[in-house]
Amino acid sequence: MNGLESFGQDPWWLVGLKALAIFVILVLLTLFSIWYERKVVAWMQVRPGPNRNGPFGLLQSLADGLKLAFKEDLVPKAADKIVFLLAPMISTVCAFTAFAVIPFGPVVSVFGVETPLQLTDLPVAVLLVLATSALGVYGIVLGGWSSGSTYSLLGSLRAAAQVISYEIAMGLSIVAVFLTAGSLSTSQIVAAQQGGQEVTLFGTSFTIPGWYALLLLPSFIVFAISVVGETNRAPFDLPEAESELVGGFHTEYSSLKFALFFLAEYINMVTVSAMATTLFLGGWQAPFPASWWPGANEGWWPVLWFFLKVLILLFGFVWLRGTLPRFRYDQFMRLGWKVLVPANLLWIVVLAAVRAGTQQPEWSAQWVGMIGGAFLLVLLVIWFWPGRKKYEQATEPDTGLGGFPVPPLDLQVPPSPRVKRLTAEREPVSVSAGDDATAEGKEG
Amino acid sequence: MGTTYLASYSTLGFLLVLGVLVSIAAFAANRLLRTQAPSPAKQTTYECGLDPVGDGWAQMQIRYYVYAFLYALFAVESVFLFPWAVVYDRPGFGVTAAAEMGVFVAVLALGLAYAWRKGVLRWL
C-alpha cells in the first residue's frame, strides 16, 4: 500500500491524451510566459512592450517562434556536427519529461474514466524532476562544447559548475519536505499539505494553510533562490551573460536549434515553478480555507488554483530579472557554497531533532518548539549580522583593482600604426587646391 | 501491484519517446521550411566580427574541477539523505535515526569546512 494505486491504470488513449496535453500546455505556457516576461519588464521600465501582434501583443512570441523555424540554420565549421544537433534535443526532451509527475488536480472524470490529473506518479517522483533537471544540463554543456567557440565553451563550463552547485542546495532544501511529508511522490506531498491548522493567537483563532512554504520557510527560501540558479535565470544568468560571453553556450546556435534551447529554458522555468507549487504551496489546493467554498478542491477548479500559483511564481522570476543586476561569478559561488549549503544542512539537522523531540511523550512539543525557535533565531542573527567592514577612504588613489593590473586612468592611447600607414598612402593630391583635399588628409 | 508499478514507469518512457519524436518532427519541418545558402563566411566561428584566432579551446580555472569534486561529495550525501528523510517519521526510528544522521551530516560538514579553510571555495 503506497497510495499510488490510482496511477498506471489509465487506458492507452487517456495516457496519450494526457501526454499531448502536457506538450500543448508547456508550449502554450512558454509562448505566454515570454510575452508575460516582456510585458512585465516593459511596465517596470515604463514602456509599452510588445503590442503589435494580436490583442495586447499576445501573439508576439508565436510570431517569433515561427520566424525562427523559417531561418537559415548555420553550423560553424569548427562544430562537432552530431553533438551540435543532439544538444538542443537533450535539453528539450529533459525539460518536457520533468512535467510528467506534476499533479494538476485531483481525480476527475475524463470521458467517463476516473483518473487523476497527472500523467504518472512514482514513489520517487521528485527524484525524477531532479534527475531531468540535472540531465538537461548535458544539453547546455554539450552544446557549448560542440560549438567550437571560446565563448560557448566558457558559457557551458559556467553552466556546469553553476548547476551542480545549486542542485545541491536545491536537493537539500527538498529533504525537509520529505521529512515532513514522509514521501517522495508528488501527489502524496500535495495530499500531505491538505488541511490547515487552527491557531489561536492573541485571542483570535484562524486557520493557517498546511503549506510547507509556511511550515518550512527556510527550505522554501533556499529552494526559491537555488532554482533561479538552476534555471540560469537573472540574476544568476552567468552561462549566457550577454555582456561577457556574447550569448554564452548558445552563441553559435541559430534557427530551430536556438528556438529549442529557448523553449527548454522557459519550460524549465515553468517546471520549477510547478515544483515549488507542488512541494511548498499546497499544489492544486485552493489558496483559502476549505470552509469558504467546500467545492473548490473538487472537479476541475484545482487546475485554476494550480496555474494561478505557477503564474505568480513566474512573475517572481520576471521581477527578479527586472530589478536585480547579474551576480559576479565568485559572489555567486560564494552564495551557493558558503551560505545556502551550510544553512541547509543545519536546518535539516535542527528539523530532524525537533521532530524527534516532539515524538517523545515526556517532552512537551511547545517546549521543544520554543527552545528550537530561540536557537534558530540566535543562529539567524549570527548568520545575518552585518560583517562588512566600514568603507574607508583610500589614502592614495587605487592604481589597480586589488593588485590586478589595470591601465592608468589618464592613459594616452598611442597612435595606431595602421592609421599612420593609411595617412601615408593617402597623400593629398597637390593638383586640386582647396579645403576639400586638406580636410580629407586630416581625416585619414 | 507489479504491473501498476511498471505501468507508471512505462508511461514515463512513452513521454520520453514522444519528446524525441516531437523534436525530430520539428527538425524535419525546419529542414523543409528553412532557406539554405551556405557561404564560408557564415560558417566561421563568431568572434565579435573579427576573424577567429586559434581554435575554440580556452584554459580555465582549476576551481571548476575542485567544485566538481565537492559536488560528488554532496550528491552522495543526498543519496543517503533522501531515503532517510522518507522513513524518518515511521515508528521505530526517532531519536536514534536523528542522531545518526546528525553524525553523518557533521562528517560531511567537516569536509566542507576543511575545503572552506583551505581556501578552495574562494574563487579569486
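Heads up, the Cβ atoms here are built off N, Cα and C, so glycines get one too.
Feature annotation from TrEMBL assigns region 'Disordered' to A:399-444.
Marked as transmembrane segment by TrEMBL: A:12-36 (among others).
What TrEMBL records for A:82-104 (among others) is transmembrane segment. Residues 19, 22-23, 25-26, 75, 116-122, 125-126, 128-129, 132-133, 135-136, 138-140, 142-143, 145-147, 186-187, 190, 252-253, 257-258, 260-261, 263-264, 267-268, 270-271, 274-275, 278, 283-284, 302-303, 306 of the same chain, all 6+ positions outside the transmembrane segment (A:82-104), place their C-beta atoms under 8 angstroms from a C-beta of that stretch.
Residues or ranges marked as transmembrane segment by TrEMBL: A:124-145 (among others).
Residues or ranges marked as transmembrane segment in TrEMBL: A:166-191 (among others). Counting only same-chain residues 6+ beyond the ends of the transmembrane segment (A:166-191), those with a CB under 8 A from a CB of the stretch are 2-4, 7, 101-103, 116, 118, 121-127, 130, 133-134, 212, 215-216, 218-220, 222-223, 225-227, 229-230, 236, 278-280, 282-285, 336, 340-341, 344-345, 347-348, 351-352, 355.
Taken from TrEMBL, the feature transmembrane segment applies to A:211-229 (among others).
The transmembrane segment annotation in TrEMBL covers A:258-280 (among others).
Sequence-remote contacts of a segment are chain residues at least 6 beyond its ends whose Cβ falls under 8 Å from one of its Cβ atoms, and for the transmembrane segment (A:300-320) they are 29, 33, 36-37, 40-41, 44, 103-106, 108, 117, 224, 228, 231, 233-235, 269-270, 273-274, 276-277, 281-287. The feature transmembrane segment is assigned by TrEMBL to A:300-320 (among others).
Annotated transmembrane segment per TrEMBL: A:332-354 (among others), in sequence order. With a cut-off of 8 Å between Cβ atoms, the residues of this chain six or more beyond the transmembrane segment (A:332-354) that come close are 161-162, 165-166, 168-169, 172-173, 175-176, 179-180, 216, 218-219, 222, 225-226, 229, 236, 238, 368-369, 372, 375-376, 379, 383.
Summarising the annotation, TrEMBL assigns transmembrane segment to A:366-385 (among others).
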Beyond the flanks of the transmembrane segment (A:211-229) by at least 6 residues, Cβ under 8 Å: 162-163, 165-167, 169-170, 172-174, 176-177, 180-181, 193, 235-236, 272, 275-276, 279-282, 316-317, 320, 332, 335-336, 340, 343-344, 347, 351
